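Data block below; observations after.
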Amino acid sequence: MNQTYGRLVSRAAIAATAMASALLLIKIFAWWYTGSVSILAALVDSLVDIAASLTNLLVVRYSLQPADDEHTFGHGKAESLAALAQSMFISGSALFLFLTSIQNLIKPTPMNDPGVGIGVTVIALICTIILVTFQRWVVRKTQSQAVRADMLHYQSDVMMNGAILIALGLSWYGWHRADALFALGIGIYILYSALRMGYEAVQSLLDRALPDAERQEIIDIVTSWPGVSGAHDLRTRQSGPTRFIQIHLEMEDNLPLVQAHFVADQVEQAILQRFPGSDVIIHQDPCSVVPREGRKFELV
């Protein structure tokens, strides 16, 4: 699983970096030629795209390194750090757009030949839609937090390029403040995306539990298994591609140790079949030692 995960996530990061680099060169020319503040917004965003995607590429490769003596649970948390770094990059670009947009609202400047800007923006829009489609497929296959953060960023780019097209069209017909107004709106949306991305990264670093639906699946697997009378103390988290699952099984007091171990192994394999690559720890408890109030399964 890790090989497939690493290959897909690396390809997504390389594709994002290559596309952002190509679009940056095109947008530099378009901004120089037209003087559009909306194109400047897209240019700044491409610079952030490159920094974020390069960070993703380097961090993802590090996060896929196997566990060692100093990092016994692996390096998967590096993905969350990459997502947090992206949120800071994006917040910085949003603040820059705020300042530039306000300046151009106060003193609007007519742009040169909006048609060039429209052509460049259409190219950027098509390329970004293709990239987001590929990233969404990778996220569906890997559940990578780093690629998901990158995808959210490029999804905002799709909206941004659409808004830029409208702004350039309005400027073409003489409404010069439209350029700055749309750039300001884009900045607000980018900042919102950055804050949401940062929140998700922090939650992962704080070892947030797996989604309720996944935990319920684990409960259903465990409690329906022959030989298991009940279960309690389910604890879960995720680091990179690896889910960490801990649970206590309740078994009959007189069940031989060998048989209890066999049942626990079967339960572990069933969980791994549903969640491949997980790190599963199962503890067996005799029913008599489990407090009565603890016998009703609770999510922890």
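The backbone N, Cα and C atoms fix where each Cβ goes, glycine too.
Bear in mind that the values here come from a model prediction, so they are computed numbers and not experimental data.
Taken from Swiss-Prot, the feature transmembrane segment covers 24-44 (among others).
Sequence annotations record features per position, and here Swiss-Prot assigns Zn(2+) binding site to Asp45, Asp49, His153, Asp157. Packing around Asp157 (Zn(2+) binding site) is summarised by its Cβ count: 27 other Cβ atoms lie within 10 angstroms of its Cβ, all protein chains included.
What Swiss-Prot records for 82-102 (among others) is transmembrane segment, and it gives sequence analysis as the kind of evidence.
Annotation source Swiss-Prot lists transmembrane segment at 114-134 (among others), citing sequence analysis.
Long-range neighbours of the transmembrane segment (156-176) within the same chain, counting only residues 6 or more positions beyond its ends whose Cβ lies under 8 Å from a Cβ of the stretch, are 36, 38-39, 41-42, 45, 49, 108-111, 114-115, 117-118, 121-122, 124-125, 128-129, 132, 182-183, 185-186, 189-190, 193. Residues or ranges marked as transmembrane segment in Swiss-Prot: 156-176 (among others).
What Swiss-Prot lists as transmembrane segment is 178-198 (among others), and the listing cites sequence analysis. Within the same chain, residues 36-38, 40-41, 45, 83-84, 86-88, 90-91, 93-95, 97-98, 100-105, 108, 111, 149, 152-153, 155-156, 159-160, 163-164, 166-168, 170-171 sit at least 6 positions outside the transmembrane segment (178-198) and bring their C-beta atoms closer than 8 Å to a C-beta of that stretch.
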Other parts of the chain folded back onto the transmembrane segment (114-134), taken as Cβ under 8 Å at six or more residues beyond its ends: 12, 15-16, 19, 22-23, 26-27, 29-30, 33-34, 36, 38-39, 42, 151, 154-155, 157-158, 161-162, 164-165, 168-169, 171-172
For Asp45 (Zn(2+) binding site), nearby residues of its own chain (Cβ under 8 Å, 6 or more apart in sequence): Ser93, Asp157, Met160, Ile190
Cβ-Cβ neighbours of His153 (Zn(2+) binding site) (radius 10 Å): 28
Surrounding residues of the transmembrane segment (24-44) on its own chain - C-beta under 8 Å, 6+ positions past either end: 50, 93, 96-97, 100-101, 104, 109, 111-114, 116-117, 120-121, 123-124, 157, 160-161, 163-164, 167-168, 171, 179-180, 182-183, 186-187
Distal contacts, the transmembrane segment (82-102) - CB-CB under 8 A, six or more residues away: 37, 40-41, 44-45, 47-48, 51-52, 55-56, 59-60, 63, 145-146, 148-150, 153, 180-181, 183-184, 186-188, 190-191, 193-195, 197-198, 200-202, 204-205
